[in-house]
Amino acid sequence: MSWAAHELESYLLHKHIRTRVSFLAILTGCLAPDMLTKLPVYGIELGNLVIRPENPWEYHRGWPGAGFTHSLLFAAVLGLLVLWIFRSREWALGLAVGTAAHVLTDIFDSVGTMLFFPFTTQQYSTGMWAYAAQAGRYGDAAAYYGSLGLVWDLFWLTLALLGFRALRARYFFEEVVPSDPAWGWFRRRLRLSDRVLLALYRAYFVYGACRVVGWTAWVHLIEGAPMDWTWGGPYWVEKATLEPTPLPELVTGTAIGLAGLATALWLLWLLLGRRLWAAAAPEPREPARLAA
């Protein structure tokens, strides 16, 4: 799993999507799959009662389990539900894009994600760093920032800094605020000033950057964990891995998954999405009347 990448990628996604889309929805989508599943992965302690799956990686990313939250169809269905309930194109699109980005980002650890669930339960993984949630929150952090996971987060932090225009006040007030009525609601109902709104917008960038710096310092300066630059590291953690899939089975499963996903998305759009999208169209503004 990625640690700071999910926060940082939301700014880049909003900047490069060439249509009206809610930044808050993208951010929510980038965090949603883990918001719904992450707590039991590390374990929930209620007095003497500890709630934790026997194999956290199977619960988190596999099936049976909550792995369906890390699939592309889940992203589409989530966006469709928001479009149906709230009739907001900006939030529906943002939530779907953000969730899909999370799903794709997480394929880089050693467990990966079920991209094409439910049409195949094949988990796709590059194995760049070790999935180590079974070691607990601190063990997971040590493994992530003691491996190429650190490089991954630094990559996203660098991209966010290179795209600093998305953090400017002008971009926020000209691009972000007009695309989402939630900001106006914050201003009117909560009486938040423009300065506070801008600070809230930048907060997750600061949070993501601080996570990279803070956890890296803790792992290497306080815990003294060795840095492992090899693919699939670190060597010193017991990582979760996938059983190798024979190539013919992988190709067949991927073909079925792609075809199933494409068909499902087309049917969802044809039967529901197109009608809901049209119903969520903004009302045309009446032309201003000239004084007689």
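Glycine residues also receive a Cβ, built from the backbone N, Cα and C atoms like all the rest.
Quick look at what TrEMBL lists:
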TRANSMEM  21-43  transmembrane segment
TRANSMEM  63-86  transmembrane segment
TRANSMEM  93-119  transmembrane segment
TRANSMEM  142-164  transmembrane segment
TRANSMEM  196-218  transmembrane segment
TRANSMEM  250-272  transmembrane segment
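Packing against the transmembrane segment (196-218) from elsewhere in the chain are residues 3-5, 7-8, 10-11, 23, 27, 141, 144-145, 150, 153-154, 156-157, 160, 167, 169, 172-173, 176-177, 183, 186-187: each is 6 or more residues past its ends and has a CB under 8 Å from a CB in it. Within the chain carrying the transmembrane segment (63-86), a Cβ under 8 angstroms from the stretch's Cβ atoms is held by residues 25, 29, 32-33, 36-37, 53, 92-93, 95-97, 99-100, 102-103, 106, 113-118, 121, 123, 261, 264-265, 268, 272-273, 276-277, 280, all 6 or more beyond its ends. Cβ atoms under 8 Å from those of the transmembrane segment (93-119) belong to residues 1-2, 5-6, 9-10, 13-14, 17, 19, 21-34, 57, 60-63, 67-68, 70-76, 78-80, 82, 125-131, 149, 152, 232, 239-242, 253-254, 256-261, 264 of the same chain, restricted to positions at least 6 beyond its ends.
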